[in-house]
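Asks: Provided herewith is a single structure, encoded as structure tokens, for subsequent inquiry.
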Number of protein chains: 2
Amino acid sequence: MKTLRSIEEWRREYVRLKEQNYHCKIGLVPTMGYLHEGHLSLVKQARVECDIVVMSIFVNPLQFGVNEDFDRYPRDLKRDQALAAKLGVDVLFVPELGEMYPQEPLTAVTVSGITEVMCGQSRPGHFTGVATVVTKLFNIIRPDYAYFGLKDAQQVAVIQQMVHDLNIPVIIRPCPIVREEDGLAMSSRNVYLSAEERQQALALNKSLQEGKALIKQGERDTDKIKEHMKAMLLSQPLIELDYIDIRSFPGLKALESLDGVKGQVIVAVAVKIGRTRLIDNVIIDMGEERVHV
Amino acid sequence: MKTLRSIEEWRREYVRLKEQNYHCKIGLVPTMGYLHEGHLSLVKQARVECDIVVMSIFVNPLQFGVNEDFDRYPRDLKRDQALAAKLGVDVLFVPELGEMYPQEPLTAVTVSGITEVMCGQSRPGHFTGVATVVTKLFNIIRPDYAYFGLKDAQQVAVIQQMVHDLNIPVIIRPCPIVREEDGLAMSSRNVYLSAEERQQALALNKSLQEGKALIKQGERDTDKIKEHMKAMLLSQPLIELDYIDIRSFPGLKALESLDGVKGQVIVAVAVKIGRTRLIDNVIIDMGEERVHV
């Protein structure tokens, strides 16, 4: 595995690869590092369908709010390198801040509508930061496929929309959430949690499973489902609720009732536990007219 | 010359070309059609350094304001095809509106700062429309080089900034303004002008030449230069002034004085003559520290 620090190095590598075999498929797994099984599942998926797997590690300041955890976001390149190499990553692209943003950038990629709800409401500017850095990574790496975890389901929806609207020649592969044995969704931020917080965090997945069960049992009033989930979450004293939302996916249209709803529906939660913000979701297939993301 | 209507057709052509010779250089000349010598000079430049020259013709609604001339913008595909073929364009890409915008787009590429002055002030949203459609065309055509005329100097500055900020793998070639024999800058919109308007429009270039002469003679107070130009322009009764501006180029920083200014300076004018909006500019090299665009 090669670890590359500069855009220019990768561009040379890219030309070399395409010269050898123009049809070689390049897969990109964009990450902020501090890898866990969720990231690794993306690599495994990329390994199946691509000839060259590139993983990027870049903690992108643009997608963090001023009071968020950019500075303390966990970083461990040595460990990440070992994990990535073991799984067969070919190129680890680890640009410094100054390589990605040599000057204050004036250009932003914005997606409207679907970014104004859920995490977009709690984290203004977050998805513009995401869309902008993902556009940059796509322009640098020029992958055929890119892999994103569905824990950040809204991010997947935003990137799909952007790729569609801007005719970006990359196929997006959304990949299932990977969970700990007890159900907690894998996240680099889980490392922030104390033992007690970690225990109470299980309520996220539990409430989602409960919400899903209600829907499967025929409940169609989304307010009722949300109230039920809210009670479960708030029974944990360390949990501060950000939102519980039930929407179409990936269109993220608000749904008061699930009556007659076809395609996919997302049940999503965001909470704060102590200083740590956690999100989780479940996507439910309501039958027919399935919208493949 | 092939005329292609769909993105898919070009994508197939692109793969075929790259399979044959991965290093073949593709040049893009993006236009809104109704070709004139200005456009043709871009093709000639592309022809010199590219193996394949693609010209796009697309009148992009996103870059027109609600009271602007989108509906009446001149169109003549037959004539454009003949002119493009004669100059050796290989592929004419002429997508329909629904091909470029199959749904209402949610994604926009915005460039801040340099879009808030000059034409950006008179035409809010214009440069977002330009940046977005150019990003789309770059993602569709995937050119190695793209050619833009310097009559739209602010557009060149915006696209250069965007390409830099987003790491777009395209080399931008700004090309000199082409003028009629009497000095009027070539523009598809010149066709709107009556004989009298056409005559008075000569004041644009004359005032710019006068402004340039003053600078060359040592005048350093930009207000004085602008006043002088303003008097010249307003001596033409059909001319309504939009702006006269003197700024650094391509950074478009306001300049009160030219004292000690190095690099390039743009003197730009925008006017309305009847219903027709016309722009023109001259870029002056102030010596040393030249910023190549």
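Cβ atoms here come from the backbone N, Cα and C positions, even for glycine.
Below are the features I grabbed from TrEMBL:
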ACT_SITE  B:His39  active site, proton donor
BINDING   B:32-39, B:149-152, B:Val178, B:186-189  ATP binding site
BINDING   B:Gln63, B:Gln155  (R)-pantoate binding site
BINDING   B:Gln63  beta-alanine binding site
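Mind mapping these onto the model and telling me what they sit next to?
Replies: In three-state terms derived from DSSP, B:His39 (active site, proton donor) belongs to a helical segment. Close to B:His39 (active site, proton donor) in the fold, though at least 6 residues off in sequence, lie B:Val29, B:Thr31, B:Met55, B:Gly149, each with a CB less than 8 Å from its CB.
Sequence-distant contacts of B:Leu150 (ATP binding site), defined by Cβ-Cβ distance under 8 angstroms and a gap of at least six in the same chain, are B:Val156, B:Pro174, B:Cys175, B:Pro176, B:Ile177, B:Asn281, B:Ile283.
Listed in sequence order, the residues of the same chain lying 6 or more apart from B:Gln155 ((R)-pantoate binding site) and placing their CB within less than 8 Å of its CB are B:Phe127, B:Val130, B:Phe148.
The DSSP secondary structure for B:Gln63 ((R)-pantoate binding site) is helix. Sequence-distant contacts (6 or more apart, same chain, Cβ under 8 Å) of B:Gln63 ((R)-pantoate binding site) comprise B:Gly125, B:His126, B:Phe127, B:Gly129, B:Val130, B:Val133.
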Asks: Near B:Ser188 (ATP binding site), how many other Cβ atoms are within 10 Å of its Cβ?
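Replies: That number is 19.
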Asks: For B:Gly38 (ATP binding site), what is the tally of other C-beta atoms lying within 10 angstroms of its C-beta?
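Replies: If we count other Cβ atoms within 10 Å of B:Gly38 (ATP binding site), we arrive at 21.
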